[in-house]
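Lifted from Swiss-Prot, the feature list:
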ACT_SITE  Cys253  active site, nucleophile
BINDING   2-19, Asp29, Lys34, Thr83, Thr118, Glu145, Tyr252, Lys256, Arg314  NAD(+) binding site
BINDING   Glu141, Phe142, Leu143, Arg144, Glu145, Lys197, Asn201, Tyr242, Asn243, Asn244, Pro245, Ser246, Gly250, Lys307  substrate binding site
Amino acid sequence: MKITISGTGYVGLSNGILIAQNHEVVALDIVQAKVDMLNKKQSPIVDKEIEEYLATKDLNFRATTDKYDAYKNADYVIIATPTDYDPKTNYFNTSSVEAVIRDVTEINPNAVMVIKSTIPVGFTKSIKERLGIDNLIFSPEFLREGKALYDNLHPSRIVIGERSERAERFAALLQEGAIKQNIPTLFTDSTEAEAIKLFANTYLAMRVAYFNELDSYAESLGLNTRQIIEGVCLDPRIGNHYNNPSFGYGGYCLPKDTKQLLANYQSVPNNLISAIVDANRTRKDFIADAILSRKPQVVGIYRLIMKSGSDNFRASSIQGIMKRIKAKGVEVIIYEPVMKEDSFFNSRLERDLATFKQQADVIISNRMAEELKDVADKVYTRDLFGSD
């Protein structure tokens, strides 16, 4: 089969490479530089498995900027374009997804389109009715940035928002490329699948917020956070995972998904969902106040990225801390080797790590790094377990 991937971010590339082990895959992107890299078997994003598979595996994979070449004769088109959250409308910006749907409908109306981008609850049903089309399925992704292909090779589950033969064929494409066997697979309706994605990510955000509030409590009262978390997590119903305190949840998915779900609750009584969003804001206030209490002249931000093994710092929690500190008039310098710019939000980027360490009175790091251990007395982090 010919499978086209529209969008070459984490979601698109990981799905494309997974399927290209067994089928023809054409990746479509509007950025020529990314297409050129992919055709040279180089990854435009930081992801260990994507880089490895592109360089060493026998993949039936190519990239193009030509939508006619990409969509023509495709059996499936996977839509993995960005859907950023718009705070003005309280809604995902689905314009890129809609543009792909219109293009595919014009060029190859027989292709089955599968939306992998995160979308509002009810979007698939609504656009099918609005455009008078039926060949559209939603299938949520559950991957981590920096480990996107790994998570597709070893998926926790596969969810397809349709119960049909074509949905089963698409699930088989994902199962065929995976290393994991006997993957739990759920076939449901499109609107339920959309809700599954948002509620799953909101639960993860809630868990992050819970352990962060536990940590704020312990730090305020001089208690040992690690001992409390270890004791709480001995209960198998809670489990000893996803429990490492941080500066708040961040990244591309959790902040926008929680806010979108909250917007979907406008006509439904709720307390918990809104509390999760508020708790994340409160945590950043708490962290910023703790840093400012040290009365630093210069605060060093060690890495803007959200987690190790990633090159993405969209909506990373440390940016919220940085903005709060700058608002109090404290000078901020940044060490972020993946950035080519000289400044970020009017704060200087220091390229030399030794100079960065020397100039900062306090260094804040969401996760502790080996290269900071020689200045551990300067470092402020809430990382207890060395995990994301």
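Every residue, even glycine, has its Cβ placed from backbone N, Cα and C.
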By Cα-Cα distance, the member of binding-site residues Leu143, Asn243, Pro245 nearest Lys2 (NAD(+) binding site): Leu143
Other CB atoms, at most 10 A from the CB of Tyr10 (NAD(+) binding site): 27
Shortest C-alpha distance to Asn243 (substrate binding site) - which of the binding-site residues Ser6, Tyr10, Ser14, Thr83: Tyr10
Binding-site residues compared (Leu18, Leu143) - highest count of Cβ atoms within 10 Å: Leu18
Binding-site residues (Ser6, Ser14, Thr83, Asn201), the one with most neighbouring Cβ atoms at 10 Å: Ser6
Around the Cβ of Pro245 (substrate binding site), the count of other Cβ atoms that are within 10 Å: 25
Largest tally of Cβ atoms lying within 10 Å of a Cβ, found at which of the binding-site residues Lys2, Lys256: Lys256
Inter-residue C-alpha distance, Ser14 (NAD(+) binding site) and Glu145 (substrate binding site) (nearest angstrom): 10
Nearest of the binding-site residues (Glu141, Glu145, Asn201, Pro245, Gly250) to Tyr10 (NAD(+) binding site) - Cα to Cα: Glu145
CB within-chain contacts under 8 A for Glu141 (substrate binding site), separation at least 6: Val11, Asn15, Lys116, Thr118, Lys197
Minimum Cα separation from Ser6 (NAD(+) binding site), reported as the residue among binding-site residues Glu145, Pro245, Gly250 that achieves it: Glu145
Cα within 10 Å of Lys256 (NAD(+) binding site) - qualifying binding-site residues among Leu143, Glu145, Pro245, Gly250: Gly250
Cα-Cα distance linking Thr83 (NAD(+) binding site) and Gly250 (substrate binding site), given in Å to the nearest integer: 16
Neighbour tally for Asn243 (substrate binding site), based on other Cβ positions within 10 Å of its Cβ: 20
Conformational class of Ser14 (NAD(+) binding site) under the three-state DSSP mapping: helix
